[in-house]
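Asker: In case it's useful when we look at the structure, here is the feature table from TrEMBL:
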BINDING   125, 148-151, 214-216, 220, 267-270, 450, 461-462  substrate binding site
BINDING   144, 146, 368  Mg(2+) binding site
BINDING   144, 305, 364-373, 375, 398-401, 425, 452, 458  ATP binding site
DOMAIN    204-302  domain 'Glutathione synthase substrate-binding'
């Protein structure tokens, strides 16, 4: 933590006053979520959890994360167009992971039929932690890249103003002036708007594909309202609406209830639990359509953990990004150690190493949304059980990242105000649009800092563990 915060953390009276101001400021600014008790209603809401103080982030690592984001956009787009790479990389995973296998079958079916989609939109978020080495120096290490439903671009656009006010209340006006402007909602909407424009129909709508339970609706509304401000019509639909109302015409244009859909922006569809047979049929209908999917199914597959692990192998980045040696070097510099658990000698050796020393590693399944990874004794137990089974190939291993903790207060509705030892995770949003083979937009679109108490190994804001934060560059 920045040295300037130490005096504040220990001043109980100042903290209580600042926390009261912070909560009201969050409500005023629209840093909101629906409540767990009434997740379908917007007439009873509360503030989304956030830190009282902005957290220190090393300036050089923050800038490194921004610089490499366009390279990651290029890389994800290249993977999504490389059928041979996806087939080879996911061959072992789809034998044992039914969810990835179902996605892959739709991918192959759509390719065999021939793609109707000509404009491609990627909205991703690359997440990092700051690994503290034995010498005390921090290094940027990628946790994962989210290629579907990367959330909190809306609420984090409003969190900086809250932290700026808190610092002023605490007498730190100079420090408040150093907080960076940040508006991912605008950047994400810019990408959606560009894809809508290139689709080429003024009457067509943008469809947000949303969850059945929409606690995080205000985060989505931030992006939605940016589109309305550009006079782009937005509709919100669920998979079951697509099943009941969706249709394709002879040109494979997608219609929902008689309205043509230009862009499908997924805020749902990344976990197996949401798919019953009807929803799988709805997903296939969407993928077969000419509408711009964000992401299309190839891009969702590009974000799997197995692909992340394969990218760390010698020579793979060079094959995917030929003629871009600087981009390859920038991307590779962010990788933590990643290891395959495929069947064979290498997988056997890695599994045995992790069982012998589980605190060195994280065990990751092919899942998004937080709360899925395994650590320590739980990691050892699972690996012991599956070490001689093909099921182990549905996981990858990654070196455990060890950030330097700092003191902060995590503000949650109905929770006591107490200081916690915390660690942070930095996400950079990326947006790109490709028309045919031409990349027409490739940008970093803002950042997201999430912070959690050190006792929680895994989980994000939506999972109820991490809270929203703002970087204070040091």
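The backbone N, Cα and C atoms fix where each Cβ goes, and this holds for glycine too.
For the listed features, I'd like the structural context: burial, neighbours, distances.
Answerer: The Cβ of residue 365 (ATP binding site) lies under 8 Å from the Cβ of 97, 305, 372, 373, 394, 395, each on the same chain and at least six residues away in sequence.
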Asker: Across the domain 'Glutathione synthase substrate-binding' (204-302), what are the DSSP residue counts per state (helix, strand, coil)?
Answerer: 41 helix, 26 strand, 32 coil
Asker: Across the domain 'Glutathione synthase substrate-binding' (204-302), what is the average pLDDT of the model, as a whole number?
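Answerer: That stretch averages a pLDDT of 97.
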